[in-house]
Amino acid sequence: MKTQVFLPSALALAVSVALVGCGGGGSVEKAPNVTVPPVVNPGDGNGSDNNGGNGSDNNGGVTYNPADYDVATPDTSANKVKIGVLDSGVENNAHLAHSVESVLRYIEDYQSGTLTITDLTNAGIDVQDIDPNKHGTMVAQIIAAKYAGNTPAKDGLASDIAKLYGVTVTDNANVFGTTSAFYQAALDLNEKHGVKLFNGSFGGHYKDNPSFTAKLTQYAVQLANGGSLVVMATGNDGLSQPSTESLLPKGDAAAEKGWLAVTGVDATGKALYRDNGLGANACGEAARWCLAGDYVVGPIVSPSKGNLVMFAGTSAATPQVTSAAALVWSAFPWMTNDQVRQTLLTNADYINDGSGLNKLYNETFGWGKLDIDGSKLGPQSFLSIFGENFDANVTSNLSVFANDINGDAGLVKSGLGTLALTGDSTYLGSTVINNGKLQVTGSIKSDVEVNPQGVLSGKGIVGAVANNGTVSTLDGRLTVNGDYVQAANAKLQYSLHNHLTVNGEAVLDGALEVSAKNRELVTKGEHLVVDATTVAGSFNSTTSTSAFLSVKDTIIADNQVKVDVDFANAATSGTKFGGISDASGLLTNKLMDKANEQALNGQSTALTSYVAGLQQASTQAQAQAVLNSNSGALFAETPSVLLRNDSLVNAQIAQRTRQVTKQGQSGLWVSAGYMETANDAKGWDKVDSEIFSTTIGADVNVSENVAVGAFVTDYKEDSGFDASNGSSETEMLSFGLYGKFTNPDLYYVTATAQYGLGDTKFTRQVTNIADTETSTAETDLDKFGVYAELGQEIAKGKAALTPYVGVSHNQVSMDALKETSDLGVSVDDLTAKETKAHVGFRADYKLTSDLNVGGYTEYAYAFDRKLPTVYLASNVSSDVAVGYQAPSFEKDFLMYGLSFNYQTAGQNWNLFGDVAGNAMNADDFQVQLGLKYAF
C-alpha cells in the first residue's frame with residue numbers, strides 16, 4: 001500500500017460569506033462570517049495546507065520494606081470519555097465502529113437563529129461525512145481508529161477509551177455552515193449526552209465582524225462554565241496570530257478554563273511547520289492556553305481512497321491534544337475542564353523561541369510540545385497563574401499523581417477518595433487535606449495541614465505537619481521534615497512496626513489509635529510509635545483497633561513514644577460470651593502465645609502468619625468470626641443434636657408402633673416421616689434441622705396377645721449452624737425390632753430397639769480475617785436406641801383413653817475428623833448418650849367403623865445425660881490443642897399431636913398418620929404417614 005502525503009486545503013464554496021478551512025484559513029472581509037466544513041486535498045501530496053488543521057522497635061523479626069507500600073497506578077481503562085468531533089462529520093467505518101456513538105447534523109438558520117438537528121447515526125457513510133476527502137473522519141481516526149491486521153497505520157491515540165460524537169453543520173458541499181452552529185452543537189451534546197470534550201480542527205479570522213466574534217465568545221463562555229473543554233486549531237496560514245476561535249478567551253477570561261489552542265511543529269520538534277511561507281500559525285495572543293502537536297501525523301488509512309496517507313496541518317495536530325485530554329480525563333475522571341487543561345499545559349516540553357528560557361510559555365509555541373505520557377501521570381506543576389491552589393476533588397477510589405510536581409502554588413485535597421503523590425515534588429504552596437486521604441509515597445517539601453475530615457499517610461517525606469484530623473502510618477513509615485503538631489481533636493493512626501519520624505519537635509495531644517494492619521505478627525512488648533528530635537505533651541487517649549491486642553501503657557522517654565502491647569483475652573474479644581467463645585478462646589490464646597514465642601526467636605512460620613491475620617480483626621464481629629472458626633462447635637454439637645433429634649424420633653417411632661399394631665393384624669407396612677427441630681444452647685450455635693425418613697417393616701402376631709416386627713429406616717438429616725456459618729448432611733441406615741404384649745383389660749407393654757450406621761459431611765466458612773475459605777470434613781457415625789412403654793387402654797363406648805409411662809436410652813458416636821482447610825480444626829472421637837423418662841396419654845375416638853381419630857401428649861425428661869469432652873486441635877499448629885465439654889441442648893420436651901387410623905372395608909389395607917409439635921419449642925414439628933397391608 002503506497003503512502004501519500006495529504007495536505008488539507010480549502011474547498012472553495014460559495015455563499016455570500018468568506019472561506020474558513022481546516023485549522024483556520026484565509027482572512028475574512030465580509031459578514032456574516034461562517035465556517036466551511038474542512039477538507040483534505042486529494043492531490044499528489046505536493047500542495048500546502050493553509051486551511052487546516054528509623055528508630056528501635058520490638059519488631060519480632062519483622063523487617064520493614066518500603067517497597068511493600070508502593071502504590072500501583074489503577075487501571076482506569078473502563079472510564080470512557082465522550083468526544084465531540086466538530087468537523088465535516090464522522091464515518092462510522094470499520095476503523096471507528098467500536099467508538100462512534102452518534103453522528104449528527106446541525107443546520108443553523110443564521111438570520112432566524114434556529115437550529116435543525118438530524119440524526120445520521122444509521123445513515124450511510126457518504127452522508128455521515130459530507131467532505132469528499134473525509135476530513136472529519138481522518139481527524140476522528142487520529143483520536144480513535146483501530147486498524148485490523150498487519151498494517152503500519154497507527155491506531156488512534158485514545159482508541160481504547162474514546163466515544164465519538166461526530167458533528168457536521170452542512171448538508172452538501174455547496175453550502176457553508178457557521179462556527180456558531182458548531183458551538184451550539186457542542187452545547188447541545190453537552191446537555192443531552194454529557195459530552196465535555198470537543199475537537200475543533202477548523203478556524204477563521206473575523207477582525208471585521210466583532211459582533212460575530214462576540215457571539216462566539218458567549219458560546220465559549222457557556223461551554224467553559226458547563227465543564228467542557230474545547231480544543232481549537234490555530235490555523236495554517238504561517239501567521240504570527242492564530243484563528244479567531246483560538247483567541248476567544250481574550251474576549252472573556254471566563255472562557256479560558258475550557259479552552260485550548262493547538263499549533264503544529266515540524267519533524268525536529270523545535271520549529272513551527274513551514275512550507276513556502278505557509279504552515280502552522282503561531283500561538284500569538286493565545287499563548288497562555290496554547291501548546292503544540294505534530295503538524296504531520298500518520299500513516300493513517302485514507303477513508304476516501306483506502307491507501308495510507310500522512311495527514312498534515314493543525315487539523316492533524318489538534319486531535320493529538322484532544323486525545324491526550326481524553327486520556328487524562330479517563331485517568332482522572334474527577335478533574336475539571338480547567339484541571340485537564342492545566343495537566344496538558346504543565347506537562348508540555350517548553351520550546352525556546354528566543355524570547356527566553358525562564359518562562360512558562362511564549363507566543364510561538366505556547367507552553368511547548370505536547371507530552372502525552374507525562375500528562376497521563378497528572379500535573380507537572382501547581383501554578384498560581386491558574387489560581388491559588390490545585391483543588392484535587394478525588395470523589396472516590398484511588399488516583400495517582402506520579403510526576404515530580406513543581407510550581408509556586410499548592411494543593412488542596414478534597415473528596416472522599418485517595419490521592420497518592422509518588423514523585424519527588426517541590427511545589428512551593430501549602431498542602432491542605434480537607435477530605436479523604438492524601439498518600440505520600442515520594443516526597444513533598446510543602447507543609448501539610450490536615451483538617452478534621454482529612455487523612456495524611458504514606459511511606460514518604462513531607463514538610464511540617466499541623467494535624468487537626470488523622471495522620472496514619474498504615475501505609476508505611478511517614479517522615480516529617482519539620483515540626484509535628486497534633487491538636488486535641490486529632491488522631492495518630494499508628495500501625496505497629498510503622499513508626500512516625502519527626503525531624504523536629506513532636507507536640508502531642510489528642511488520640512493514639514494502635515492497629516495491626518500490615519500482616520506481620522505483632523509481638524508482646526514495647527513498640528516505637530514516634531521518633532522525634534524532641535517530644536512535648538502526650539496523647540490524651542490510647543486505643544487498640546485490633547480485637548486481639550490491648551495496649552497496657554504509653555511510654556515517653558528519650559524523645560521517643562512507645563506503646564506496651566499485650567494480647568487480649570480471645571474469649572472476651574467477640575460478641576458472644578461463654579460457650580463457643582470460651583472453648584475457642586482457650587485454643588486461640590494458646591496459638592497466639594506460641595506464635596509470639598516463635599516470632600521472638602526469629603521464626604517465620606505458618607502459625608505466625610496465621611496469628612498476624614487474626615490481629616487484623618478490628619471489630620468484635622470479626623473477632624467472633626475467628627472464634628467461631630477455631631471452636632469447631634458444629635463438630636462438638638453434632639452428637640448432642642443427633643441425640644436430641646433421635647429422642648424426638650423415638651416418640652415418632654412409638655406412635656408408629658402403636659398404629660401398625662392397633663388392628664392386631666400381621667402385615668407389611670411402609671411409612672414416611674418429616675421432622676423439623678431447633679436446638680439452642682446459650683453461647684453456642686442455633687441448630688436448625690430437617691429430617692427425612694422412609695421406613696419399611698413387617699410384623700406378625702405370634703399369639704393372640706403378642707406381636708413382633710422388624711423395620712429398616714433410611715434416615716437423612718440436614719442441619720444448619722448459625723454462628724459456625726456451616727452445615728451438615730447426615731445419612732444413616734437403621735435396623736430395628738419391636739414387639740407388643742397385651743394383657744386384655746389390664747395393660748400392654750411395647751418395646752423398640754434400633755441401630756444405625758452412616759456418615760456426616762460438614763461444610764463451613766473459616767477465617768483468620770486476612771483470608772476466608774470453605775472447609776469441609778467427613779466422618780462416620782453410629783447410633784443406638786431402645787424404648788419401652790407400659791400403658792393401659794381405658795375404653796368407654798366409642799372413646800378410649802390410654803395413659804402410659806416409658807423409658808428410653810439413646811447413644812450417638814462420631815469418629816475423629818480433620819477439616820480440609822489449614823484454617824480449620826481436628827476433633828477426636830465423640831460419644832453422647834442419655835436416658836429419658838416419658839409419661840403421657842393417648843385419646844381415641846371411633847368416628848366410623850373404619851376410621852379412628854385421636855390425639856396424644858407426652859412429656860419426656862433426660863434424667864441421665866453424658867456428653868463428651870471435645871479434644872480440639874488447630875490444623876495450623878496441630879500440637880496446640882484444648883479440651884472442653886460439649887454443649888447440652890434441651891433435656892425435655894412436651895409433645896402434643898393428632899392422629900388417625902383408617903382400615904378399608906375388606907380390612908386388608910390400613911392407612912395411618914399423625915402430626916405433632918413441641919409445646920416447649922415452637923420450632924419443633926413432625927409428621928408421618930404410613931400404609932400397612934395385612935395378611
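Glycine is treated like the rest: Cβ placed from N, Cα and C.
As recorded in TrEMBL, the features of this protein are as follows:
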SIGNAL    1-20  signal peptide
REGION    30-65  region 'Disordered'
COMPBIAS  32-43  compositional bias 'Low complexity'
COMPBIAS  44-55  compositional bias 'Gly residues'
ACT_SITE  Asp87  active site, charge relay system
ACT_SITE  His135  active site, charge relay system
ACT_SITE  Ser315  active site, charge relay system
DOMAIN    661-935  domain 'Autotransporter'
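Under the DSSP three-state reduction, Ser315 (active site, charge relay system) is assigned to helix.
DSSP assigns Asp87 (active site, charge relay system) to coil, not to a helix or a strand.
Each residue contributes its Cα atom, and for Ser315 (active site, charge relay system) and Asp87 (active site, charge relay system) those atoms are 10 Å apart. A sphere of 10 angstroms centred on the C-beta of Asp87 (active site, charge relay system) encloses 30 other C-beta atoms. Ser315 (active site, charge relay system): 39 other CB atoms within 10 A of its CB, across all protein chains. Here the Cβ of His135 (active site, charge relay system) has 34 other Cβ atoms within 10 Å, regardless of which shown protein chain they belong to. In the predicted model, residues of the domain 'Autotransporter' (661-935) average a pLDDT of 91. Taking the C-alpha positions, the distance from His135 (active site, charge relay system) to Asp87 (active site, charge relay system) comes to 7 Å. In the three-state DSSP reading, His135 (active site, charge relay system) counts as helix.
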